[in-house]
Amino acid sequence: MYSSYQLLLAVGMVITGSINTLSVKWADNLQAEGLDGKNRSFDHPFFQSLTMFFGEFLCLLFFKLAYRYHIKKQYPIEDSPIVKGNQQFNPFLFFVPAMFDMIATTLMYIGLTMTYASSFQMLRGAVIIFTAIFSKIFVHRQVSVRHWLGIFTIIIGLATVGISDFLSSGTSSISTYKVLIGDSLILFAQIITAAQMVYEEKYVVTNDIPPLQAVGWEGVFGFLMMSLLLIPFYYINVGPPLGNNSRGVIEDFPEAITQIMNNKWILIALIGNIISIAYFNFSGISVAKEISATTRMVLDSVRTFFIWTFSLAVGWQTFNPLQPVGFLLLLIGMCIYNNLLRAVPRRLRTVVHYPTDEPIIGGEP
(Lines of atoms letter the chains of each structure in order from A; the text may use other names.)
(Lines give C-alpha, C1' and ligand atoms only; values in the text may rest on other atoms or scores of the structure.)
Protein backbone atom coordinates (compact mmCIF):
# COMPACT_ATOMS: atom_id res chain seq x y z
CA MET A 1 0.00 0.00 0.00
CA TYR A 2 1.17 3.50 -0.82
CA SER A 3 1.37 6.11 1.92
CA SER A 4 -0.61 9.37 1.75
CA TYR A 5 2.60 11.21 0.89
CA GLN A 6 3.38 8.83 -1.99
CA LEU A 7 -0.16 9.15 -3.36
CA LEU A 8 0.09 12.94 -3.14
CA LEU A 9 3.35 12.84 -5.08
CA ALA A 10 1.90 10.54 -7.75
CA VAL A 11 -1.27 12.60 -8.25
CA GLY A 12 0.75 15.82 -8.22
CA MET A 13 3.11 14.46 -10.85
CA VAL A 14 0.27 13.56 -13.22
CA ILE A 15 -1.57 16.88 -12.71
CA THR A 16 1.45 19.18 -12.98
CA GLY A 17 2.92 17.08 -15.81
CA SER A 18 -0.28 17.58 -17.77
CA ILE A 19 -0.45 21.29 -16.90
CA ASN A 20 3.07 22.09 -18.11
CA THR A 21 2.26 20.86 -21.63
CA LEU A 22 -1.32 22.15 -21.77
CA SER A 23 -0.40 25.58 -20.41
CA VAL A 24 2.21 26.08 -23.14
CA LYS A 25 -0.26 25.02 -25.84
CA TRP A 26 -2.95 27.22 -24.28
CA ALA A 27 -0.63 30.23 -24.44
CA ASP A 28 0.15 29.38 -28.09
CA ASN A 29 -3.58 29.44 -28.91
CA LEU A 30 -4.32 32.72 -27.11
CA GLN A 31 -4.36 35.95 -29.09
CA ALA A 32 -3.51 39.49 -28.01
CA GLU A 33 -2.71 42.86 -29.54
CA GLY A 34 0.97 43.32 -30.40
CA LEU A 35 3.15 46.38 -30.79
CA ASP A 36 1.68 47.10 -34.23
CA GLY A 37 -1.88 47.09 -32.87
CA LYS A 38 -2.81 43.83 -34.62
CA ASN A 39 -4.22 40.75 -32.90
CA ARG A 40 -2.05 37.68 -33.33
CA SER A 41 -1.33 34.40 -31.56
CA PHE A 42 1.18 34.36 -28.71
CA ASP A 43 3.85 32.70 -30.84
CA HIS A 44 6.96 33.13 -28.67
CA PRO A 45 8.65 29.72 -28.21
CA PHE A 46 11.97 31.24 -27.12
CA PHE A 47 10.26 33.35 -24.46
CA GLN A 48 8.32 30.27 -23.31
CA SER A 49 11.61 28.38 -23.09
CA LEU A 50 12.90 31.19 -20.86
CA THR A 51 9.94 30.73 -18.49
CA MET A 52 10.57 26.98 -18.42
CA PHE A 53 14.15 27.53 -17.26
CA PHE A 54 12.88 29.90 -14.59
CA GLY A 55 10.68 27.07 -13.35
CA GLU A 56 13.73 24.80 -13.18
CA PHE A 57 15.63 27.53 -11.31
CA LEU A 58 12.91 27.43 -8.64
CA CYS A 59 13.99 23.84 -7.99
CA LEU A 60 17.39 25.15 -6.89
CA LEU A 61 15.76 27.65 -4.53
CA PHE A 62 13.63 24.87 -3.06
CA PHE A 63 16.72 22.70 -2.62
CA LYS A 64 18.64 25.49 -0.86
CA LEU A 65 15.72 26.16 1.50
CA ALA A 66 15.35 22.45 2.26
CA TYR A 67 19.10 22.10 2.84
CA ARG A 68 19.20 25.08 5.21
CA TYR A 69 16.16 23.72 7.04
CA HIS A 70 17.88 20.38 7.62
CA ILE A 71 21.03 22.12 8.84
CA LYS A 72 19.10 24.44 11.15
CA LYS A 73 17.06 21.60 12.65
CA GLN A 74 20.17 19.41 12.75
CA TYR A 75 18.46 16.65 10.78
CA PRO A 76 20.81 14.09 9.19
CA ILE A 77 21.34 15.07 5.55
CA GLU A 78 21.92 11.42 4.62
CA ASP A 79 18.37 10.51 5.68
CA SER A 80 16.68 12.95 3.29
CA PRO A 81 16.11 11.79 -0.33
CA ILE A 82 15.77 15.43 -1.40
CA VAL A 83 19.01 16.97 -0.11
CA LYS A 84 21.40 14.05 0.38
CA GLY A 85 24.30 13.84 -2.01
CA ASN A 86 27.61 15.39 -2.93
CA GLN A 87 27.93 19.16 -2.41
CA GLN A 88 31.55 19.39 -3.57
CA PHE A 89 31.20 19.90 -7.31
CA ASN A 90 31.74 22.54 -9.96
CA PRO A 91 28.38 24.12 -10.97
CA PHE A 92 29.71 24.62 -14.52
CA LEU A 93 29.41 20.86 -14.87
CA PHE A 94 25.77 21.61 -15.71
CA PHE A 95 26.50 24.12 -18.47
CA VAL A 96 26.65 21.50 -21.25
CA PRO A 97 23.42 19.68 -20.31
CA ALA A 98 21.75 23.08 -19.87
CA MET A 99 22.66 23.96 -23.46
CA PHE A 100 21.29 20.62 -24.66
CA ASP A 101 18.15 21.31 -22.66
CA MET A 102 17.84 24.84 -24.06
CA ILE A 103 18.10 23.72 -27.69
CA ALA A 104 15.81 20.71 -27.25
CA THR A 105 13.16 22.60 -25.30
CA THR A 106 13.08 25.49 -27.75
CA LEU A 107 12.76 23.13 -30.73
CA MET A 108 9.92 21.30 -28.98
CA TYR A 109 8.12 24.54 -28.15
CA ILE A 110 8.45 25.66 -31.78
CA GLY A 111 7.09 22.29 -32.85
CA LEU A 112 4.22 22.57 -30.37
CA THR A 113 3.03 25.77 -32.08
CA MET A 114 2.59 23.73 -35.29
CA THR A 115 1.13 20.45 -34.05
CA TYR A 116 -1.12 18.96 -31.37
CA ALA A 117 -0.41 18.89 -27.63
CA SER A 118 -1.08 15.14 -27.42
CA SER A 119 1.28 14.41 -30.33
CA PHE A 120 3.91 16.59 -28.66
CA GLN A 121 3.72 14.42 -25.56
CA MET A 122 3.61 11.10 -27.43
CA LEU A 123 6.47 11.88 -29.81
CA ARG A 124 8.71 12.63 -26.87
CA GLY A 125 8.74 8.89 -26.27
CA ALA A 126 11.29 8.68 -29.08
CA VAL A 127 13.95 9.79 -26.58
CA ILE A 128 14.28 6.15 -25.46
CA ILE A 129 15.43 5.13 -28.94
CA PHE A 130 18.21 7.70 -29.18
CA THR A 131 19.24 7.25 -25.54
CA ALA A 132 19.75 3.54 -26.17
CA ILE A 133 21.92 4.24 -29.22
CA PHE A 134 24.02 6.96 -27.55
CA SER A 135 24.43 4.94 -24.36
CA LYS A 136 25.72 1.97 -26.31
CA ILE A 137 28.22 4.19 -28.17
CA PHE A 138 29.43 6.58 -25.45
CA VAL A 139 28.74 4.85 -22.13
CA HIS A 140 29.21 1.29 -23.44
CA ARG A 141 25.90 0.12 -21.98
CA GLN A 142 24.65 -3.27 -23.06
CA VAL A 143 21.19 -3.17 -24.61
CA SER A 144 19.31 -6.46 -24.25
CA VAL A 145 16.89 -8.06 -26.70
CA ARG A 146 14.06 -6.86 -24.46
CA HIS A 147 15.21 -3.26 -24.85
CA TRP A 148 15.36 -3.56 -28.64
CA LEU A 149 11.91 -5.18 -28.70
CA GLY A 150 10.55 -2.25 -26.71
CA ILE A 151 12.29 0.23 -29.01
CA PHE A 152 10.88 -1.46 -32.12
CA THR A 153 7.36 -1.27 -30.66
CA ILE A 154 7.88 2.40 -29.81
CA ILE A 155 9.01 3.13 -33.39
CA ILE A 156 5.79 1.56 -34.73
CA GLY A 157 3.81 3.64 -32.22
CA LEU A 158 5.59 6.84 -33.28
CA ALA A 159 4.90 6.08 -36.95
CA THR A 160 1.23 5.52 -36.13
CA VAL A 161 1.03 8.85 -34.30
CA GLY A 162 2.69 10.59 -37.26
CA ILE A 163 0.23 9.07 -39.72
CA SER A 164 -2.71 10.08 -37.50
CA ASP A 165 -1.41 13.67 -37.42
CA PHE A 166 -1.08 13.67 -41.21
CA LEU A 167 -4.67 12.46 -41.63
CA SER A 168 -6.07 14.74 -38.89
CA SER A 169 -4.47 17.86 -40.37
CA GLY A 170 -6.76 17.58 -43.37
CA THR A 171 -9.82 18.05 -41.15
CA SER A 172 -8.45 20.80 -38.87
CA SER A 173 -7.30 24.42 -39.11
CA ILE A 174 -3.65 23.32 -38.90
CA SER A 175 -2.06 22.67 -42.29
CA THR A 176 -0.47 19.32 -43.10
CA TYR A 177 2.81 21.12 -43.89
CA LYS A 178 2.98 22.74 -40.42
CA VAL A 179 2.05 19.51 -38.63
CA LEU A 180 4.81 17.57 -40.41
CA ILE A 181 7.38 20.27 -39.59
CA GLY A 182 6.20 20.43 -35.98
CA ASP A 183 6.36 16.66 -35.51
CA SER A 184 9.80 16.56 -37.15
CA LEU A 185 11.16 19.27 -34.85
CA ILE A 186 9.87 17.43 -31.78
CA LEU A 187 11.45 14.18 -32.95
CA PHE A 188 14.77 15.90 -33.73
CA ALA A 189 14.71 17.49 -30.27
CA GLN A 190 14.64 14.00 -28.76
CA ILE A 191 18.10 13.33 -30.23
CA ILE A 192 19.44 16.33 -28.32
CA THR A 193 17.55 15.33 -25.17
CA ALA A 194 19.08 11.85 -25.43
CA ALA A 195 22.55 13.42 -25.65
CA GLN A 196 21.70 15.41 -22.51
CA MET A 197 20.65 12.24 -20.66
CA VAL A 198 23.80 10.35 -21.61
CA TYR A 199 26.00 13.31 -20.59
CA GLU A 200 24.23 13.44 -17.23
CA GLU A 201 24.61 9.69 -16.81
CA LYS A 202 28.35 9.91 -17.48
CA TYR A 203 29.28 13.10 -15.60
CA VAL A 204 26.48 14.07 -13.21
CA VAL A 205 25.03 10.85 -11.81
CA THR A 206 28.50 9.47 -11.13
CA ASN A 207 29.23 12.51 -8.94
CA ASP A 208 26.20 11.73 -6.71
CA ILE A 209 24.74 15.23 -7.07
CA PRO A 210 21.19 15.68 -5.68
CA PRO A 211 18.86 15.55 -8.72
CA LEU A 212 16.79 18.55 -7.63
CA GLN A 213 19.97 20.59 -7.31
CA ALA A 214 21.12 19.42 -10.75
CA VAL A 215 17.83 20.50 -12.34
CA GLY A 216 18.13 23.87 -10.60
CA TRP A 217 21.65 24.55 -11.88
CA GLU A 218 20.62 23.62 -15.40
CA GLY A 219 17.78 26.10 -14.99
CA VAL A 220 20.25 28.82 -13.96
CA PHE A 221 22.52 28.35 -16.99
CA GLY A 222 19.60 27.85 -19.36
CA PHE A 223 17.89 31.02 -18.15
CA LEU A 224 21.06 33.12 -18.42
CA MET A 225 21.96 31.87 -21.91
CA MET A 226 18.43 32.23 -23.26
CA SER A 227 18.24 35.76 -21.82
CA LEU A 228 21.43 36.66 -23.71
CA LEU A 229 20.21 35.05 -26.95
CA LEU A 230 16.99 37.08 -26.89
CA ILE A 231 19.10 40.19 -27.64
CA PRO A 232 20.44 39.10 -31.09
CA PHE A 233 17.16 37.28 -31.83
CA TYR A 234 15.40 40.66 -31.61
CA TYR A 235 17.42 41.91 -34.61
CA ILE A 236 17.48 38.83 -36.87
CA ASN A 237 14.70 38.92 -39.48
CA VAL A 238 13.26 35.58 -40.58
CA GLY A 239 10.26 34.39 -42.50
CA PRO A 240 7.38 32.25 -41.25
CA PRO A 241 6.87 30.14 -39.25
CA LEU A 242 9.39 31.66 -36.78
CA GLY A 243 8.81 35.34 -37.51
CA ASN A 244 5.16 35.44 -36.49
CA ASN A 245 5.42 38.84 -34.80
CA SER A 246 5.10 42.50 -35.77
CA ARG A 247 8.79 42.85 -36.70
CA GLY A 248 9.22 39.44 -38.35
CA VAL A 249 12.22 38.55 -36.18
CA ILE A 250 13.19 35.29 -34.48
CA GLU A 251 11.93 36.49 -31.10
CA ASP A 252 10.38 39.83 -30.19
CA PHE A 253 10.69 40.06 -26.42
CA PRO A 254 9.02 43.51 -26.11
CA GLU A 255 6.04 42.27 -28.11
CA ALA A 256 5.76 39.20 -25.88
CA ILE A 257 5.54 41.48 -22.84
CA THR A 258 3.00 43.69 -24.66
CA GLN A 259 0.80 40.74 -25.52
CA ILE A 260 0.98 39.50 -21.93
CA MET A 261 -0.11 42.95 -20.70
CA ASN A 262 -2.98 43.00 -23.21
CA ASN A 263 -4.24 39.51 -22.33
CA LYS A 264 -3.93 38.43 -18.70
CA TRP A 265 -4.87 34.84 -19.62
CA ILE A 266 -1.45 34.54 -21.29
CA LEU A 267 0.18 35.54 -18.00
CA ILE A 268 -1.89 32.92 -16.16
CA ALA A 269 -0.82 30.26 -18.69
CA LEU A 270 2.85 31.19 -18.28
CA ILE A 271 2.62 31.18 -14.47
CA GLY A 272 0.94 27.78 -14.70
CA ASN A 273 3.87 26.53 -16.78
CA ILE A 274 6.49 27.91 -14.37
CA ILE A 275 4.88 26.47 -11.25
CA SER A 276 4.03 23.13 -12.86
CA ILE A 277 7.57 22.72 -14.21
CA ALA A 278 9.02 23.30 -10.75
CA TYR A 279 6.64 20.93 -8.96
CA PHE A 280 6.76 18.31 -11.71
CA ASN A 281 10.53 18.04 -11.44
CA PHE A 282 10.28 17.77 -7.65
CA SER A 283 7.46 15.21 -7.69
CA GLY A 284 9.06 13.20 -10.51
CA ILE A 285 12.35 12.85 -8.66
CA SER A 286 10.51 12.10 -5.41
CA VAL A 287 8.32 9.42 -7.03
CA ALA A 288 11.43 7.72 -8.43
CA LYS A 289 13.03 7.74 -4.98
CA GLU A 290 9.95 7.01 -2.84
CA ILE A 291 8.36 4.39 -5.11
CA SER A 292 10.34 3.49 -8.26
CA ALA A 293 11.60 4.85 -11.57
CA THR A 294 9.22 2.53 -13.43
CA THR A 295 6.27 4.03 -11.52
CA ARG A 296 7.46 7.42 -12.71
CA MET A 297 7.39 6.13 -16.30
CA VAL A 298 3.84 4.79 -15.91
CA LEU A 299 2.63 8.09 -14.43
CA ASP A 300 4.30 9.94 -17.30
CA SER A 301 2.27 7.81 -19.72
CA VAL A 302 -0.91 8.56 -17.75
CA ARG A 303 -0.40 12.30 -18.21
CA THR A 304 -0.12 11.71 -21.97
CA PHE A 305 -3.63 10.22 -21.85
CA PHE A 306 -4.96 13.23 -19.92
CA ILE A 307 -3.37 15.66 -22.39
CA TRP A 308 -4.94 13.79 -25.31
CA THR A 309 -8.43 13.64 -23.79
CA PHE A 310 -8.29 17.30 -22.73
CA SER A 311 -7.21 18.38 -26.22
CA LEU A 312 -10.18 16.50 -27.68
CA ALA A 313 -12.59 17.96 -25.11
CA VAL A 314 -11.66 21.60 -25.79
CA GLY A 315 -11.48 21.14 -29.56
CA TRP A 316 -7.73 21.59 -30.00
CA GLN A 317 -7.77 18.52 -32.24
CA THR A 318 -10.21 16.10 -33.80
CA PHE A 319 -10.49 12.43 -32.94
CA ASN A 320 -8.57 10.02 -35.13
CA PRO A 321 -8.77 6.29 -34.31
CA LEU A 322 -5.09 5.84 -35.18
CA GLN A 323 -3.92 8.09 -32.36
CA PRO A 324 -5.14 5.89 -29.46
CA VAL A 325 -3.60 2.94 -31.33
CA GLY A 326 -0.31 4.82 -31.50
CA PHE A 327 -0.58 5.77 -27.82
CA LEU A 328 -1.22 2.12 -26.87
CA LEU A 329 1.78 0.94 -28.90
CA LEU A 330 4.00 3.57 -27.26
CA LEU A 331 2.77 2.50 -23.83
CA ILE A 332 3.36 -1.19 -24.59
CA GLY A 333 6.82 -0.42 -25.97
CA MET A 334 7.77 1.57 -22.85
CA CYS A 335 6.44 -1.20 -20.62
CA ILE A 336 8.50 -3.82 -22.50
CA TYR A 337 11.54 -1.57 -22.34
CA ASN A 338 11.15 -1.06 -18.59
CA ASN A 339 10.35 -4.75 -17.99
CA LEU A 340 6.78 -4.14 -16.82
CA LEU A 341 5.02 -6.71 -19.01
CA ARG A 342 4.91 -10.16 -17.46
CA ALA A 343 3.85 -11.53 -20.85
CA VAL A 344 7.37 -10.95 -22.19
CA PRO A 345 9.29 -14.26 -22.28
CA ARG A 346 11.48 -14.70 -19.21
CA ARG A 347 14.70 -14.99 -21.19
CA LEU A 348 14.04 -11.48 -22.61
CA ARG A 349 13.53 -9.95 -19.18
CA THR A 350 17.17 -9.67 -18.24
CA VAL A 351 17.74 -6.88 -15.75
CA VAL A 352 20.08 -4.29 -17.23
CA HIS A 353 20.93 -1.09 -15.39
CA TYR A 354 20.28 1.64 -17.88
CA PRO A 355 19.99 5.44 -17.86
CA THR A 356 16.30 5.52 -18.70
CA ASP A 357 15.56 2.96 -16.01
CA GLU A 358 16.90 5.46 -13.48
CA PRO A 359 15.50 8.83 -12.36
CA ILE A 360 15.91 11.41 -15.12
CA ILE A 361 17.87 14.44 -13.99
CA GLY A 362 17.23 16.79 -16.90
CA GLY A 363 14.44 19.38 -16.89
CA GLU A 364 11.00 18.41 -18.14
CA PRO A 365 9.29 20.74 -20.58
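For all residues, glycine too, the Cβ spot is worked out from N, Cα and C.
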Residues flagged as transmembrane segment in TrEMBL, choosing from 7-26, 287-306: 7-26
Dominant neighbour of the transmembrane segment (219-236) in 46-67, 179-199, 322-340, by Cβ pairs under 8 Å: 46-67
Remote residues contacting the transmembrane segment (7-26) - C-beta distance under 8 A, at least 6 residues beyond either end: 48, 52, 55, 109, 112, 117, 120-121, 265, 269-270, 272-273, 275-277, 279-280, 283-284, 286-287, 290-291, 295-296, 299-300, 302-303, 306-307, 310-311, 316, 364-365
Which of 46-67, 88-110, 148-167, 179-199, 322-340 contacts the transmembrane segment (265-285) most, counting Cβ pairs under 8 Å: 46-67
Stretch contact, the transmembrane segment (88-110) with the transmembrane segment (322-340), Cβ-Cβ under 8 Å, 3+ pairs: no
Contact ranking winner - 46-67, 179-199, 322-340 against the transmembrane segment (148-167), Cβ under 8 Å: 322-340
Long-range environment of the transmembrane segment (322-340) - Cβ separation under 8 angstroms, sequence gap at least 6: 118-119, 122, 125, 128, 146-147, 149-161, 163-165, 167-168, 293-294, 297-298, 301, 304-305, 308, 349, 351, 356-357
